[in-house]
Amino acid sequence: MTTSLPPTTAAIRAPLSTIDAAPSPWKVVVRVASTVWSNGKARIGLVMLAVFILLAIFAPLIAPYGARETGFERSADGSAAHWLGTTAAGEDVLSQLLYGAQISIFVGLVAGLLSTIIAVLIGLSWGYVRGFGADVINFVVNLFLVIPGLPLMIVIAAYLSGGGIGMIIVVVVITGWAWGARVLRSQTQSLRSRDFVTAAVFSGERPFRIVFREILPNMTSLIVGNFFGAATAAILAEAGLEFLGLGDSTVVSWGTMLFWAQNSNALLTGQWALLFAPGLCIALLATSLTLINFGVDGISNPRLREGTKK
Amino acid sequence: MTPTPFSQTPPAANTTLLEVHDLSVHYGYGAGATKAVQNVSFRLAHGEFVGLVGESGSGKSTLGFALTGLSKPPAHIEKGRILFGGKDIASLDAEQLREQRHGGIAMVLQSGMNALNPVRSIRNHFVDIFRAHGHVERSRWTARATELIGKVELTPQVLDRFPGELSGGMRQRVSIALALSLEPELMVFDEPTTALDVLVQHAVMNTIIELQKSENFTAILISHDLGIVLESAQRVMVMHEGRIVEDAPARQILQNPQAPYTRMLLSHYADPRAEVVELPGFADRQQRKAEGASRTEAATHTPTVSPRTRRTDQHAMVVENVSKIYPAPRRGEAPVRAVDNVSFTLEPGAALALVGASGSGKSTIAKLITAVEKPTSGSIRFGDLDVGKLNRRHFRRLHRDVQMVFQDPYSALNPLHTVEYALTRPVINFTGLTGTDARRRVLELLDIVGLSPVEEFAAKLPHQLSGGQRQRVVIARALASDPQVIIADEPVSMLDVSLRAGVLALLEDLREQWGVSLLYITHDLLSARVVTDNIMVLNGGAVVERGVTADVLQNPQDDYTIRLLDAIPNPRKVVA
């Protein structure tokens with residue numbers, strides 16, 4: 001096998017006729033999306049999530065009544081006018097369920113996103129640096145990991161009482177980032193010793209770029225997985241905190257619905273829909289996010305998708 | 001030295017043990033299926049030692065797995081029959097297959113050394129097998145395990161060790177002993193020594209050959225290395241693109257190869273000690289030197305000097321009394337002296353080989369002169385840079401001139417970035433070109449390393465490239481900064497034989513045309529002979545021998561050099 005070496009000077013003098021722009025980064029996004037979509041479970045999850053999001057967005061159009069509209073018959077069973085019955089305060093349960101989806105999904109996505117961003121920033125830099133800095137981060141992360149989550153949440157929520165949705169998001173983010181940071185750090189450490197990272201050093205790359213352009217894309221599945229996990233945890237934590245009465249109980253969300261249903265002894269009066277409907281919605285939303293996670297696995301490993309030799 | 005295996009008389013019982021009839025193995029179904037093995041037919045007699053040779057992707061391992069009934073989906077037997085002792089293996093269910101492993105077919109894998117459970121002692125591995133098959137009485141378990149471990153030339157103490165406490169070669173021996181414990185009639189060795197160090201490789205191969213003779217099992221040796229196979233097997237089957245292209249006795253393959261593919265494989269072997277060493281694409285170095293001299297004379301009359309040779313600020317890499325000591329791996333053990341008082345100078349435009357078995361410190365030297373590691377003592381200077389004390393912030397200054405070609409092209413490229421991205425980054429960082437200029441330079445680099453059409457290759461992701469193409473991308477990336485020194489750490493050891501010469505020729509051309517100096521790190525003395533002028537042999541971190549490559553290899557003085565030379569599988573040695 002021989003290699004023909006054109007004289008370099010000639011190559012410079014006669015530039016290649018057509019030099020197109022480099023391929024667009026949007027291709028990557030399209031590739032990721034099609035990968036997730038190609039997984040059957042993830043497709044079900046995406047459809048479920050899309051339905052929830054659409055219902056939440058169009059709640060004002062779909063809901064038969066306003067969320068806080070009272071004055072109906074109190075504690076009524078399901079009927080043609082009120083499909084899921086009414087609450088003890090005389091509100092329509094179906095309308096509350098639809099409006100409640102807004103809060104649950106909003107809190108889930110925002111809190112999940114924020115705690116993932118913190119986990120990525122801390123986890124990746126923690127994994128890449130060595131020495132004293134790493135020890136300090138290690139101490140802080142371990143501190144958050146050993147403190148039991150729910151009591152910490154309750155203490156912080158009680159301390160910040162009356163903050164409403166914003167407060168709940170802050171509480172969920174503070175208590176939720178540490179585990180993700182730890183997982184991302186160990187993956188960073190194993191990727192750091194790979195040849196392509198050393199090669200990036202040889203290419204003259206700065207540490208910041210190595211961490212976020214070379215290492216981070218290889219952890220896409222972990223990060224996206226971490227996001228959906230954190231969002232699921234946030235939805236559950238939000239419902240839990242509000243169920244305990246630690247949130248703003250005047251806001252209509254699935255958690256406060258459960259809180260009021262419990263307060264009015266809905267089960268004893270046979271109004272199972274009051275507990276069952278928001279509970280099932282929380283479970284289905286969490287399930288949809290978990291299903292999407294199955295499809296996310298294929299993103300950062302192209303070999304999982306395309307059969308290649310060796 | 002290994003006795004020539006095929007000079008012995010064929011086994012008396014010349015009965016058929018295994019018969020493969022028109023076998024095809026596919027990955028996936030329908031039109032999109034990868035046809036890994038196509039219409040393969042052969043038969044094995046009792047006691048035969050057969051080699052199966054092919055390059056990666058030739059289907060040799062797929063065939064090996066099919067024979068042992070270990071094919072995993074999506075691989076499946078499309079058609080054909082595998083008759084082992086008259087029974088069709090494909091028709092057996094999992095439990096029948098498990099039962100026939102005793103006295104049937106055993107397999108030793110390439111990564112067999114990683115097939116041991118790290119938390120169980122070697123003794124437990126044997127006990128597991130004895131218990132599962134019940135073919136050894138409980139009272140004889142220890143005796144039998146000791147006997148087996150002795151057969152692979154290990155001491156009985158090994159039984160109480162854990163896999164992590166054994167070297168790679170010892171672990172591979174243990175997995176051979178485990179395979180033997182079921183008294184198989186047919187042993188399939190799938191690249192049993194590929195992951196091992198050269199010297200160990202040689203010793204383990206000898207054990208396999210000895211065992212085959214003493215135990216008299218039938219063996220199939222699957223390997224990419226025709227040299228190893230010809231040294232050990234009586235009959236060789238050459239596989240190419242899923243088909244067996246040649247099936248003949250070893251001696252005949254060597255002296256009178258029929259298939260063009262076999263001839264091509266054979267042409268890539270030569271004895272590094274020979275007076276004249278030629279490989280495809282490489283004339284003998286001495287002769288080339290002579291021609292080159294006359295060419296330069298001629299060139300002085302015509303003013304076609306390349307821009308690089310006019311460069312005046314070329315520096316030598318000067319390494320003086322460098323040592324590197326790593327802290328002890330465990331408490332109470334001595335610190336590891338990876339590099340021991342090594343000095344050398346790499347002149348501009350020179351090619352120096354750094355040769356040694358694994359653990360000899362050659363890769364540590366590469367890390368030291370690229371400032372990835374700091375030396376414990378001694379100094380490394382490149383121009384006015386003190387490499388040994390270089391701060392991380394000044395890495396760019398060093399890496400502008402000193403670049404590296406990595407051993408494993410499969411891990412040296414980020415799987416998520418296109419070739420274009422991998423090449424654009426160093427171009428932007430080192431040359432300051434941006435936008436269209438940078439892209440033009442990237443395409444030019446691809447053209448230089450022979451990857452055309454360049455536009456098409458630029459858009460590819462690493463997993464769409466073959467190993468050889470990936471290594472070319474890695475070389476192109478090393479060239480992006482227009483370096484003075486290239487350090488090549490085993491650049492071809494992961495590649496197929498037929499691709500090696502191409503990559504080596506590329507490195508050689510770059511050196512001659514661009515005046516780049518080359519530090520070539522390898523355990524492969526043959527490639528060192530064809531691409532370098534000078535050689536240093538390392539053992540235990542210290543230089544044991546140095547000199548002009550051809551001289552050192554023809555008249556080795558040190559024992560270690562001689563052992564390295566002897567360990568090279570060379571088919572021609574068998575005939576001599």
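Heads up, the Cβ atoms here are built off N, Cα and C, so glycines get one too.
Residues annotated as domain 'ABC transmembrane type-1' in TrEMBL: A:105-293.
The transmembrane segment annotation in TrEMBL covers A:44-63 (among others).
Non-local neighbours of the transmembrane segment (A:103-124) in the same chain are 52-53, 56, 137, 141, 165, 168-169, 172-173, 176-185, 188, 211-212, 215-216, 223, 226-235, 237-239, 251-255, 281-282, 285, 289; each lies 6+ residues outside the stretch with a CB under 8 Å from one of its CB atoms. The transmembrane segment annotation in TrEMBL covers A:103-124 (among others).
The transmembrane segment feature in TrEMBL is assigned to A:136-159 (among others).
TrEMBL lists A:165-184 (among others) with the feature transmembrane segment.
The transmembrane segment annotation in TrEMBL covers A:215-237 (among others).
Per TrEMBL, the feature transmembrane segment maps to A:273-296 (among others). Sequence-distant contacts of the transmembrane segment (A:273-296), counting only residues of its own chain at least 6 positions beyond either end whose CB sits under 8 Å from a CB of the stretch, comprise 35-39, 41-46, 48-49, 52, 78, 84-85, 87, 93-94, 97, 100-101, 104-105, 108, 220-221, 224-225, 228-229, 231-232, 235-236, 239, 254-255, 257-258, 260-262, 264, 266-267.
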> For the transmembrane segment (A:44-63), what are the same-chain contacts with Cβ under 8 Å, counting residues 6+ beyond its ends?
Replying inline: 36-37, 92, 94-95, 98-99, 101-102, 105-106, 281, 284-285, 287-295
> Residues of the same chain, at least six outside the transmembrane segment (A:165-184), with any C-beta under 8 angstroms of its C-beta?
Replying inline: 103, 106-107, 110-111, 114-116, 118-120, 122-124, 126-127, 141, 144-145, 149, 152-153, 156-157, 219, 222-223, 226, 229-230, 233-234, 237-238, 241-242, 247-248, 251
